[in-house]
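As recorded in TrEMBL, the features of this protein are as follows:
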- 139: active site, proton acceptor (ACT_SITE)
- 169, 187: acetyl-CoA binding site (BINDING)
- 4-82: domain 'PglD N-terminal' (DOMAIN)
- 140: site 'Increases basicity of active site His' (SITE)
């Protein structure tokens, strides 16, 4: 059984720990968080230290692998942490036993797939991506690194989602659509054509609302 340390002790980190500790393959041993006191107990797990303590914890065999628990409000920070630690510490990929993942898909490191998700044939999933409950990713689609999917996102076939995208709850993307990097969608958005300009989109069909000047 692999021991897992989670980066981030907030709501998302606790959410991930909840599912990991129901697994037969993983056991969460604690959190690393820059804003919590080391030794504090959160959701029955200890705060092991700040992110600066991750390297020493790995060397001391406190944990075997990492999982990212930083949320969608800090997509660039998620990427920066992942890019820094991936060079010398492995990131675990967790797939809920209550998700369907076709044998033909490819999945990178640091991916979290929660219950009720469905991944159709020939899907490509890169690294450091979070899929909340009930996402549907149809055949031959590509999900690029460092993105974040809210519950119930539905993607048709031959779709590409760029890096650092956040797709809000219930977002739907029709087939053969490409999203560039740094796209965010509001809840219930329906995307029916390519989106090239970074920013926030919402509505049916999706319409541009504003720049995301402060992507963190």
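Including glycine, each Cβ sits where the backbone N, Cα and C put it.
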Report summary line: Cβ proximity for residue 169 (acetyl-CoA binding site), under 8 A, sequence spacing 6+, ordered by residue number, returns 150, 151, 152, 153, 187, 188
Requested in this report: Enter the number of other CB atoms within 10 angstroms of the CB of residue 140 (site 'Increases basicity of active site His').
Outcome: 17
Report task. List the residues of the same chain that sit at least 6 positions away from the residue listed as 'active site, proton acceptor' in sequence and have their Cβ under 8 Å from its Cβ, in sequence order, or write 'none'. Result -> 120, 121, 122, 123, 157, 158
Report task. Measure the Cβ-based neighbour count of residue 187 (acetyl-CoA binding site), defined as the other Cβ atoms within 10 Å of its Cβ. Result -> 13
Report summary line: In the domain 'PglD N-terminal' (4-82), averaged pLDDT is 97
